[in-house]
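Enquirer: Right, I'll just put the structure down here and ask away after.
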Amino acid sequence: MANYPKELPAQTQSRQPGIESEMNPSPVYEYEDYKGADKLKGKVALITGGDSGIGRAVSVAYAKEGADIAIVYKDEHEDAEETKKRVEQEGVKCLLIAGDVGEEEFCNEAVEKTVKELGGLDILVNNAGEQHPKESIKDITSEQLHRTFKTNFYSQFYLTKKAIDYLKPGSAIINTTSINPYVGNPTLIDYTATKGAINAFTRTMAQALVKDGIRVNAVAPGPIWTPLIPATFPEETVAQFGQDTPMGRPGQPVEHVGCYVLLASDESSYMTGQTLHVNGGNFVTT
């Protein structure tokens, strides 16, 4: 078993979604002994938030399985270039697309650019997100509410709506949700609401697209060490992050790749409308 850190040094970042290169320790995004088995060979995957965190881990794992990758990210260019470099070392293509996933026009352009430059689209991973803790609903402005929903939920709606113009039977859509809509979080009210919307969207789109042979599933991470954490919380909160899980530590991005590879591959051909929980041992109900 890998020896992942149970405690994190106190640290914080001033802007979201955060910079992976500034984190200490660096998130673990790759199993060095992971050997791909061509599970995604010849396929094209578009991954939002693919520059860092869980998105980086998924990008690298998909590359090892033979997929060409389009990474959609906001403006963390250094992280994106580092991920692209690692992806291309696997002998596949990697396209970087920077912009605001909360805008429908950009989402349409991202899908079209992926199809044009990589030759198609087989896998959509809706992974981008942001969060802004507040002590009370009274502290959540309309601007924050709209911004959080645009990034977390509207982006998934826009990208899915456009992607189905190109997705063929056997294709997969994977949405990143969270443990929060299952257990609640009184300081992340708007964020948790977006994740609840994603859960409903996943199930509904699974029903809507099953006739087209397109599977739609989700992954619900627990407390995971990604750039969003130091970019969200004060340093004293970061120092305790993840220690309240049964495993007593935060998860690492790499610990999700098995789920995302499974849901993208033919190994999950009889799964749709489902959510896989990666949360360090917390039991939740659906």
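Here the Cβ of each residue, glycine as well, is placed from N, Cα and C on the backbone.
Feature table excerpt (Swiss-Prot):
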- 1-26: region 'Disordered' (REGION)
- 46-70: NAD(+) binding site (BINDING)
- Ser178: substrate binding site (BINDING)
- Tyr191: active site, proton acceptor (ACT_SITE)
Enquirer: Would you mind splitting the region 'Disordered' (1-26) into helix, strand and coil residue counts from DSSP?
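Expert: For the region 'Disordered' (1-26), the helix, strand and coil counts are 3 helix, 0 strand, 23 coil.
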Enquirer: Of the binding-site residues Gly50, Gly66, Ala70, which one sits closest to the residue listed as 'substrate binding site' when you measure Cα to Cα?
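Expert: Going through Gly50, Gly66, Ala70 one by one, the Cα closest to that of the residue listed as 'substrate binding site' is Gly50.
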Enquirer: Return only the integer: C-alpha distance in Å from Gly66 (NAD(+) binding site) to the residue listed as 'active site, proton acceptor'.
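Expert: Given the Cα positions, Gly66 (NAD(+) binding site) is 34 Å from the residue listed as 'active site, proton acceptor'.
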Enquirer: Fewest other C-beta atoms within 10 angstroms of its own C-beta: which of the binding-site residues Gly50, Gly66 fits that?
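Expert: So among Gly50, Gly66, the binding-site residues given, the one with the fewest Cβ atoms within 10 Å is Gly66.
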Enquirer: Which whole-number value in Å describes the distance between the Cα atoms of Gly50 (NAD(+) binding site) and Tyr191 (active site, proton acceptor)?
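Expert: Taking the Cα atoms only, Gly50 (NAD(+) binding site) lies 20 Å from Tyr191 (active site, proton acceptor).
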